[in-house]
Structures are given as C-alpha cells and as structure tokens.
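Here is what TrEMBL records for this protein:
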{"type": "DOMAIN", "residues": "62-118", "note": "domain 'Ionotropic glutamate receptor L-glutamate and glycine-binding'"}
{"type": "SIGNAL", "residues": "1-24", "note": "signal peptide"}
{"type": "SITE", "residues": "I273", "note": "site 'Crucial to convey clamshell closure to channel opening'"}
{"type": "TRANSMEM", "residues": "176-197", "note": "transmembrane segment"}
{"type": "TRANSMEM", "residues": "209-229", "note": "transmembrane segment"}
{"type": "TRANSMEM", "residues": "241-264", "note": "transmembrane segment"}
{"type": "TRANSMEM", "residues": "421-444", "note": "transmembrane segment"}
Amino acid sequence: MDKGLHFTICVITAVLLLRESSQAGERKDAEVLAAPKSTGSDSRGAAEGLPTLTVTTILEDPYVMVRGAELEGYCMDLLAALAGMLRFQYRVKVVGDGQYGAVAAGGNWTGMIGEVLRREADIAVAPLTVTSAREEVVSFTTPFLQTGIGILLRKDTASQDMSFFHFLSPFSKETWTALLFAYLLTCFCLFLVARLSPCEWNEPKNEENHFTFLNCLWFGAGALALQGATPRPQALSVRGIAVVWWLFTLALLAAYIANFTALLSSGSEQLPIQTFEDLVKQRNLEFGTLEGSSTFYYFKNSKNPTHQMIYEYMEKRREHVLVKTYQEAVQRVMDSNYAFIGESISQDLAAARHCNLIRAPEVIGARGFGIATTHASPWTKPLSIAVLKLRESGDLDYLRNKWWESSCLRQSRDRWGPLELPALGGLFLTLGIGLALGVIAALAELSSSSRRTAAHAKKSCCSVFTEEICTRLRIKETARQSQDTSGKGNA
C-alpha cells in the first residue's frame, strides 16, 4: 500500500514539473518571436552574444537602397543570408566619401577600401570589383557576382537609321544584279526556243507567234509574282524552261520573305555601336566612366590600342566625360548624347529599369564582385565558403532574378507589333511610281489613238482627245441614267 502511494506521488510530481517546463519554453519562444527586428542587426544574435561586424557599403541601386528608415537591396539580402549561416550580427554604415576605393594622390586609399584599411569597418559588402591593386592591400572573398565592362547607350541615339528602301535589304546588290540578269536571260531563252520549236510555232509565214519578247518579259514577271500569265506554252521545251523558272522564283521568294521578316523583327536591335572599336570610330556620342573606378584604371593599364585610345579620350576630357556616381551616369545617358562605360551587370539593370536604354553586345574584362576584408581578418575564408554554398544552393541566382526583374517585359513584347512605315516606304514609293506610269501610258495610248482619228476626220487633235476623255468618263453615268429610266418604265 505504501509503495503504491509513493509511486502515485512520484508520477504526479513528474507531470507537474513537465507542465511547468513546457509553459516556460512557450513563454521564451513567444518572447523571441515578438522581439523587434532592427535594420542591420540580428535580435537572436544580440541575445546570444554573437560577434558584431561593422559593414561599410555604398548606395547603388539595386545593391543598397534607402527605403524609409531602412536599407534594402541585393547586398542587404546577401549580408542577412551570410549572417544567418556564420552566426554574427552586423551594423551597416554607408561609406563617407561615396567612393568605391582608389589610390589618392598621397598614396592613401579612398572609399570603402580605405575604411577597411583604417579599421573603420570590418568588411565591405557592395558591388566592389576585385582588382589586383585592391587585392594587394585587402583580401577578397569568392566573387558573389560575375560581371564585365560594357557600353550603355540610349536607343534613339544608338539605333541605326532605317533606309527608305529597306525592302531591298534582304538581298545584296550582287544578288539583285544576278536576279535581273537571270530574268532577262530566261525571257530571251523563252523567246528563242518558242521561235525554234515547231510545236510552238508551226507555220511561221501564216501564224502569229504569241511569244514575242515583250510577252516573254510579262510571262517571267508573272512567275516572279506567283501569278499565271499568258501566253501559255505548248511545246515541251518551252514548258521545261517555264518550270525551271517557276522553281527558281519559288525558292527565291521563300528566301526573300524569310530574310525580310528577320530584318523587320530585329530592326530595333541593330546597333551601329557593337564593340568598343565602333565607339572610338564614331563622333556623335561622348563616352566616359566613373571617376576613380576600376573601369577607368582598366583602360589606363591596358595595352590594347583601342583601350588606350579610350583612356586618352577620357583623360583629356575628364572634367566633362567622367561622372561621380552611377545614377549621374544613367541620367546623362538618358538626357544627352552620351555613352557610359561601366559594369555590364549594372548596365543590364539600367536597361531593365529604363526601357529606352540598351547595352551594346561586347563585354570585356571579365571580373567579379567580392567582399573586402583586411589581410589578417579571420572572416575571409568563412565568408568565401558561405558564398560558395549560397551559389551551389541557387540562392545567389534567386537574388539576381529578384533584384534584376525587368519592368520592360510588356513593352518588349509590344515591340513586335505593327510595322513602321519607313521600313516599307520604298515599296509604297515604287507602287506609286508604277501607278503613275500606268496612267501616263494610258494617256499616251489615248493620245496616239486621238491623233489618228483626228487625221482621218480632219479635226483638231485636242478637240478629239477631249471628246474621247469626256466620252470615256461618262460611260458609267450614261449607264446609270439608262438603268434609272428602265426602272421607272417597269414601275
């Protein structure tokens, strides 16, 4: 009996203790979940005494941006992911001089590199390009973004003017010349064979040959337009030449339609400035880069003749073509005839946000953005490993797609809409000229007939010509009056 009572008391005591510990755990979890999250810090890290790192960065869309009282962007998301993996808290500060980092006149470093060297910041998380000069004074992690040097242009200044006779563009001049020669040669062969073949022209003395040279020209033109035209061939030799010409024109028209469609659909993407060499040769656009940036020193140290010409141009006009910030560069491209040379990945963002901007195809100087630390920092290797893990898990691609989402997607789809008139202007002009020539030819034929009639009737040529025109123009009116008269009579 005593043993049973003792066992019951132990069970009740254990249940009470487990219930109390469960309630205490729930209160602790509620406190953690309800704890406020402040910008640039980890509330759980503060509670657990994790190390705090001072992070220097620079304001640049979309890497770091001010939204109200907080900072957000690609680098802020990256920093939060790294802090969660490596268990540290951080405090973010914007670089004081607004520079990335370059050697000043006295040999000191400016920008974020200078703050890391002076121990004003532990790490620099920003679109900071890894270069040999910077690597000598600081350490970089594995790059979290790959980029290069590109050319940012405004579409209306970079677009190629569409020729008024753009419909001739699918074929070269040589091809059009060969086509004209083939057309004339085929028509001459039809004319010659139709005269030589007894099946086509049996009695030359009494029978008229319908395949005159003019009729042959009309027959060949009808095949080019995929239309049947008289006269119709009877002889096997003439039919053989006609079939060969039909097959030739069918293949030719298929190639023309395919090439013309491709040219029209890609006309807005044709840029006269495709490479840096094209940029140097032109004289309509000024070009420059960020002052003191790694891009500027890339061209300064390059041995490529074209790159040297670009550096000399920017050095001579540095007060006018070099810009202070990336935002200034984008605005200048939009407002004036200016081409900005800079990081291709940032230019892709500008083209995604501003639909009237475009980046030239050529990208040089492949490089990457890395996190800068001091040489003696214990965080360099852990940060590199964490960046690699984020890349392998696809988190870096997710961040890339998140912050580089284009607002021009709808407009890019609408661009393949109605064709612009300049592309077909020459074709319409040709049609107008043909119609005008047809009217002039008709008047000439009527004038010739009027002269013959005037000669027989011994009347004035002008009076006969006028009567002919009035008579021919009143045909429909006379017919309408006769129909009205017959209708009234039936009623």
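Cβ atoms are placed via backbone N, Cα and C, with glycine included.
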Who are the long-range neighbours of the transmembrane segment (176-197) in its own chain, taking Cβ under 8 Å and residues 6 or more past its ends?
168, 204, 209, 211-213, 216-217, 219-221, 224, 233, 235, 237-238, 241-242, 245, 248, 252
For the domain 'Ionotropic glutamate receptor L-glutamate and glycine-binding' (62-118), what's the model's average pLDDT?
90
What is the Cβ neighbour count of I273 (site 'Crucial to convey clamshell closure to channel opening') at a 10 Å cut-off, with all protein chains included?
24
Mind tallying the domain 'Ionotropic glutamate receptor L-glutamate and glycine-binding' (62-118) by DSSP state, helix then strand then coil?
20 helix, 15 strand, 22 coil
